[in-house]
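Report on the structure given below.
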Amino acid sequence: MQEHLVVTLDGKDYLVEPGTNLLEFIKSQDTFVPSICYNESMGPIQTCDTCTVEIDGKIERSCSTVIDRPMTVNTVNNDVKDAQKEALDRILEKHMLYCTVCDYNNGDCEIHNTMDAWGLQHQTYEYKEKPYEKDYGPFYRYDPNQCILCGRCVEACQDIELNETIRIDWDREHPRVIWDNDVPINESSCVSCGQCATVCPCNAMMEVNMEGNAGYMTDTEPGSLAAMIDLTKKAEPGYGPLFAISDSEAEMRKERIKKTKTVCTYCGVGCSFEVWTKDREILKVQPSHDSPANKIATCVKGKFSWGHINSDQRLTKPLVRKNGEFHEVEWDEALNVIADNFTSIKEKHGPDALSFISSSKATNEESYLMQKLARQVIGTNNVDNCSRYCQAPATKGLFRTVGHGGDSGSIEDLEKAAMSVLIGTNTAEAHPVIASRMKRAQKLFGQKIHVFDIRKHEMAERADRFYQPKPGTDLAWLSAVTKYIIDHDLHDKAFIEEWVEDFDEYYKSLETFTMAFAEEATGIPEAELIKFAEECAKAESVVICWAMGITQQDIGSDSSTAISNLLLVTGNYRRPGTGAYPLRGHNNVQGCSDIGSMPDKITGYQSIEADDIRAKFEKEYGVKLNPKAGKDNHEMVEGIHDGQIHSLYLYGEDTGIVDSNINFVQAAFEKLDFMVVQDEFLTFTATYADVVLPASPSLEKDGTFTNTERRIQRLYQALKPLGDSKPDWKIFQAIANKLSFDWNYKHPSEIMDEIARLTPLYAGVSYERLEGFNSLQWPVHPDGTDEPILYLEGFNFDNGKAKLFPLSFDNYFKQDEVYDIHVNNGRLLEHFHEGNMTYQTPMLKYKVPRAFVEISPELAEDRGIHEGAEVKLISETGEAVLQVHVTDRVKGKEIYIPLNNDAMENGDLGAINLLTNSDVDQYTDTPSYKRTSCRMEVITKRGKSPLNPNNFRVNKKRHPQYSVQVQKKWERPDYVFPGNQVDK
């Protein structure tokens, strides 16, 4: 095979690797070629024709040319320049240049920059207005009269995000971008990911918040704006002066528009991007090709849900309860109240009478200081975080089998896999950017997707095969599939021999897991499971993703273990496109656990009960540490009821809504002697507190987050804290110092340096190595090298071998005669968790105003109810009143309740956890949220739908196609390739 090819570029020879994109190669040599429709994250679209060059004497598009032979390329001769000018003129026929008074004139308009760099002075074809008005969606708008039909938005929607809503209607007299079958944006299947606005090269597709806000002269009335445009064009005889003026105005904007790199504060994908702010106003969020987890992708929350930052419900002063009511006080008074109460409770009841709950929304550095406050200052290990509610069982299963509690590869590996298996994960709504990667791999590259879930969500609809097991029975089919693979000699014997131990004992434990047994337990036909087993064993590479549908069961740890067992038996670790992916739910739930906010583990999962580990931290902290493991979240609540816990300090966590059996939890709060809540808002939980401290959200501080793929990323402060609110790390430091300790951190980087000193998993992490969009995936070695794929040098056990873990199953699902309905629950795309942050963005509240219950058509018919009916759901622990949405996403007596009940407005009204019980996974104390049953009472039989009629779930269908279908443009009678117009 030839290693390099000779490419002669403008008279100079280069050695180039075969398969290189010609346009990318030309750019790499600092040679300018216009390329308006090309985007490095999307590849060639071939609509603009501006990138024409001469290849071996023929004018061709460089963007779609792959270097597969020696070639001679010319970018500067007259024929090339004539072809390029023709293409540029055609663009200006569709797009009016009024840069100085355009909101997009911020230095990154690709039409402006291309025309300027090319040196275009006059356009040949007069601009032609099109017979269309602007179309406004909730978050972005489309201006057909500025659209050049480059098709980037179509490519992004169809083949990057895979929402499959946008296309270009090439058959019109005046082609334009349309949504679905030509409906307004707000009536379409659009999910508002915003990627169309991200990739648009001009002002045709733009964020609503930008319009009238970005420029010095763009906030005028439309008529005045048009007059200014005409005046500007008349005053400037050539584009050179126009560009000079607009460039000066763009430079002025830099003084007031700040662009700050940050990391999304919602789910665990870890999307990074620049946030554009003007004073405190958030204009837009702009991801980058350099964003390591997401590239140019976003979801509706990361792109648009920032209303919480400037919400009028933000806390700006500390609150102290006096005579039963909250009063605003200065910081010193609030800190004194906390210090006095902590001291008196510790003196009276001992340090273990105090407890601390850390936040998965806060930074690594802040989570570290919370556990340090508990352990060093107070002397207790009663510290935990919300991974207890969701991810602890997955971590347990991985610790048992492979030794690290995190994703075994990167998000890229989810794209590379030949087969993806999704179990108990509503990925398209809970981790939408990850789902897009998988949807793309399936659509464009043939990845096979298998989904096991009790509910038919989007990924189930798209799956090559969809299986619906009975609730809580996944362990049965996982183990039966593994047994079948071994029984039929389909297991990876070489991998097992070299890298796995305990095979014989494990195989014996599978004796009862026959396919017949699995069919009886799960309801999945034996033939389907056999076919799956054979496909899984024979696939070149397999990844398994799972989430709360697995972990929030009373056998969550064992089911997670069964997943890893299957991967080991089939040899699906230690290679690209393979491995275990417990998709983390919060932006920093991985990091919060990594960094030691756990009752039995300090940083890097080092045991607090190990003498040598404690000795290391005692030397750093200057105190003796408590050698006894503390209480987890579940045990804290029980400890309050039992009189063992007298104080609770939690931050960034609405425990009174999100914990299971919240009637029991709220009753515990009322028994506390002293409670501190630290948050952006006066949350439902905060209403029980004695002191409420105003905390700053992510845009108001520096720090790091660790995402689901173990990726550590920096976020930078974009705004000053609102009012007297403070970053959490500063609050913890102030409390520690009030309690006579001498914490003196000047910046979160100093906290990370301390973490790195104490934590082998983070040993090489530093802010310098995380500068900008740089990132590291733990374990990070002292020299700064990291491990995007785990276990390449062996598994995380002393002998380097993984361990197969024997399991048993007796967790049969049984329908209760009284509580005859099974209650499933989870996230919606538009909201996050209880919705405290997302409901502060009005258009998200408009899309999904309140919580509701999904009911199957057959259950609705059985109970005589219709869309919008009001029902009371009653379980053994409580009751909730909700409106009904009838949908075939659920079947039979399965119902689904989203987590978001807008608790700050509604309290616990309609909260799912009024129905859940206190049962837990025996190994991790994770509540079995998904193991809930209820009965139903009908209040009204029909009513107004709980969903906005413009919500994409309401009778909206996707319209998939491949790319922009540029061949339809080329087939139009009015199209001629510019290269063919060049007079030879």
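For all residues, glycine too, the Cβ spot is worked out from N, Cα and C.
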Residue from C157, C202 that Swiss-Prot also lists as binding [4Fe-4S] cluster 3 with C190, C193, C196:
C157
Recorded [4Fe-4S] cluster 4 site member, picked from C200, C299, that accompanies C264, C267, C271 in Swiss-Prot:
C299
Swiss-Prot records C48, C51, C63 as [2Fe-2S] cluster-binding residues. Which of C37, C99 is assigned to the same site?
C37
So what pLDDT does the domain '4Fe-4S Mo/W bis-MGD-type' (257-313) average out to?
97
Within the same chain, where does the domain '4Fe-4S His(Cys)3-ligated-type' (79-119) have neighbours whose Cβ lies under 8 angstroms from its own Cβ atoms, ignoring anything closer than 6 residues to its ends? I mean 6 or more beyond.
32-36, 48-50, 52-54, 59, 125-128, 130, 145-149, 201-204, 206, 210-215, 217-218, 220, 225, 228-229, 232-233, 239, 242-243, 245-247, 249-251, 253-254, 257, 978-979, 981-984
May I have the DSSP-based helix, strand and coil counts for the residues of the domain '4Fe-4S His(Cys)3-ligated-type' (79-119)?
28 helix, 0 strand, 13 coil
